[in-house]
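**Student:** For reference, the structure I am asking about is given below.
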Amino acid sequence: MPSSPHEYEDEHARSDAAASQSDSDDYDEDGLEDAELAAYADDSDEDPDYFEEETRQQHHQPDDAPEKDRFFDPPSDEDDDGVDASAVNENEMEEFHHTLKAAHGFKKGTKRGRGGGRRAVGEENLSFEVKSLMGEANQAYAFGHLDKAMALVKRIIQIEAGVYSAWKILGEIFKEKGEDHKCLLAWLTAAHAKPKDSELWLTCARMSLEQYGPDKKNYRNQAIYCYNRAIGAEPDNIDAIYDRALLFKETGQLHKAAEGFGMLNKLLPNDMSILREIASLYIELKKVPQAIEYYNRSIEFFKSTGNPDKAFGWSELNILVELYMMVEQWEVAIKVLKNHARWLYSRSEEKYWEKLDDDREWDATDKRRKPVREYVPMRFDPSTYALPLELRVKLGVCRLRLGEKREAMVHFSYLDSEDPVEYYDLFQEAGDALLNAKAYEEAIHCYSCVAEGTQYMDPKLWYNMATCYKALNQVDDAEDCYATVLEAYPNDTTAMMELASIYEVSGRKADALELVNQVIGIRKKAEAAAATPAANPPVEAPVVAPPDGDPSALLPNQPAPRRLRNRQPGSMSEAQRLEINARKTEQTAVKYRKLEYLRAGMEAGEPQAVKDWLDTAGELVDDFRNTKALFPSEKGTSFKGFMSTARRRELKRSIRERLEMMQHRLEGAVNLPDDEIDVIPPEATVFRGLDFDTWLYVFMQYALCLAKHDNYQDAYDVCSVAKEANVFYMDKRKIFTIWTTWLACAIWVNDSESCSTISRWFMTTFQFQTEAYNLFVGALTMSRNGMEVFHNNANQKFLLRQIKIMDESVDGKKRINAASLTNVDEDGKEYKPDRLDLSLLMLYGHILASGKSYISALNYYTRAYTVSPKNPMILLSISLAYLHRSMQRQSENRHMQALQAITFLYEYYDVRTAPNPLPDAEDIENERHAAAMKQEAEFNVARSFHHLGLTHLALPYYQRCLDISDDWASKGGVHGDLKWEAAYMLQMIYITSGNAAAAKEVTEKWLAI
């Protein structure tokens, strides 16, 4: 078919010529062949298959329009094509054959609709003339007279273009002549003439791939089309479905490939190769749960059929467990591994192992198994309690991710007896898991085995080892790891940067600066090469080849030689020290002035001003942080690295920014150790030209700005660093400011856990002071999940220890696990309470009540009641505790408890409504205050009756709440007006009782906006 309008005009010209030639009696074989093949073929490699061209011409689609393939449903009896809308439909193919006729002088005729029906598959109702010609053509082909056979076939096609046999034998003739492309085109036409011939469709599909290669998109799409038609003709053709799915996978159509393998899984549920293909596809599609479903269905199939031929084995279980680990379902992975392992060992009845929280079932000995009552030694072969090493390591990784390090190390210990050369990948997996769990020593052991077991250089391995060494403060070993990487890959900029950082903090700043300059040079060359790729093609970094000439970098058998450490430079003169201090002081002053200039924009939230302010403040804070004289507790430590106080913000910087900052630091400090520059006398009040109050202000502003605009974890780090500085630590006022700022950051980001932890510092430092306990409750109420943290075990135990030390101080009796007295006054004397602290007792009671431990809460509420029997909060808390206890299932005498609740509730009501004028307040304000207290009491009593289901008693109290609000509406209202709450409760009572009119009246008056 033509692929452009110009070719279409040429096609008509060729058709007219062929038609005029067919009217003559003389037969030109070569001319006829050219005219006929021009109608459906072109010998050029660029020409796609003719029926795709026709489809695109009819739908006005470009050549590169994507195909709309889908999986075919089995054909119906009425439609023996079995083809969906994505393939060339019957009408289009009929039009094609009529066009073929017209091209050779035959009348096109009228297209026949589907109502006329099609001939049955295999039937060819041929005329006597066509049958005679077909017999002659077959005889000529059988005797090897290919030219004569071709001439006869072409005469048949002129008479009847849709003769399957003619096109089929024409393809055979072309194949004998070596013209595979024309053979394929002829057979494609034959396949359309007999669409149920699935074998012919498959042959065409394979020829499309074999003839043109898998790298040509057009012909791969043609092959997919042929597979679609073959499957439409024979839906259960496994080979066709499998080949098409593989082709979809090769062409990147992963969803269709996954559907294809899913079809195969239904047809062959016990074929594990198909299941592995499904798993790999769904992993690429980020749909791991679907892959898990396939595996679970297959396991059910194998369990129901008895797992014939052991089709599901250890390797399949290994894949399934790994899938669960990919979605981080560690507990499920453990359960699945152990259950299916028992099934594979034919001891599924031993379900009692599931009751245990450890993996003793899979120990090499019976030492831990014998204490299990249900376990019977030698009931099963001892070998059925051994796991394959791959699964054992995965079990250890899962245990480690659940925080069960001890159990994990039991599994990893089995690696020690194995050859690292054979199992280096398992050592690597264990090492990565241990590194993630911060078990650095154990991770180094595994990584060392990996280095011993593999001959190829893996930079990631050495980076991980260096990370472990740095965490263990073994800086020299970390340096050797980076140096080993640079021996094999001299242009590895990551290793160079890490090595430069080690050089910087260990005093070898000239070496560090040299490495930084090298990195900058390498990056500039790479950027220049990327900008002009044609003129400067990228060149790979040279790699040191091993002695035997293998281009892969090999690991050395021995550790890399330890680098010679440069000696520390000699002491500076006083003049040099003063000069350097003056220069740094000037730089600090410039940065501080910049902060002040940017402050207004930062406080207004302007993005650029915030970024510049954070960058400048970060430089000041980092300079302060890396001055060891200000942190005497760290002066004796050997390595901490250059400390960016906001580590996460530092990592967000681009490589270019980090390089420039490092280069700037090093250029100003080559051969000038900080310890000799920054000698700060104890009585000093100024550092770098700024007093310590100003430094504290910069720290706290930096923390607050980080919490509001960047990373709150960095804000926490800034506060943590500030409280460790000796110039702040000894000043209680400054420490109080730091902790208050820290708490403000936690409240701003709704971090309830941090609010709780920081508030405990206030409750410890200001022990038995009501404000500290109020601050704890107030901070948690402002966080997102404060209630959960409020009654967690940590807070409960902390406050219980505080109560014990309080009781011990009051009555003099020793309490076990009591806290220490931590509240110290200005003279260093401990504050020792001489009476019970109501706030502490009530706070602990509230924690117990929020955990629904009402009986325990009553113990502390009643202790507070003995101290202050007329406190309305205590009375209400006791009432609510009895009330909620009466509604619990375990309540022994709910009526008595409800009565006690109402008793204390009425006492609360009397106390709350008693006159209690505000000091130094006007009469109107005292009346407003009294009205607010009475409304509160009315609402709480109403809500209590409502909770008990006594709605007829609750109604008048709710109504009085509304009356109070109505009376004070013209006078400015009452404080904390409860009118909406009371109206909503009334509405609910009226609705549940069926009084819709009253509910509507309340709603329209009080709840409508």
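Counting begins at 1 with the first residue displayed.
Even glycines carry a Cβ here, placed using N, Cα and C.
As the structure is a computational prediction, the values presented were derived from the model and not from experiment.
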**Student:** Between the candidate ranges 351-395, 531-575, where does TrEMBL place the region 'Disordered' annotation?
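**Tutor:** Region 'Disordered', as annotated by TrEMBL, spans 531-575.
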**Student:** Please work out the helix, strand and coil residue numbers for the repeat 'TPR' (272-305) from the DSSP assignment.
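**Tutor:** The repeat 'TPR' (272-305) comes out at 31 helix, 0 strand, 3 coil.
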**Student:** For the repeat 'TPR' (272-305), what is the mean per-residue pLDDT, to the nearest integer?
**Tutor:** 85
**Student:** Could you put numbers on the helix, strand and coil content of the repeat 'TPR' (838-871), residue by residue per DSSP?
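**Tutor:** Summed by class, the stretch gives 27 helix, 0 strand, 7 coil.
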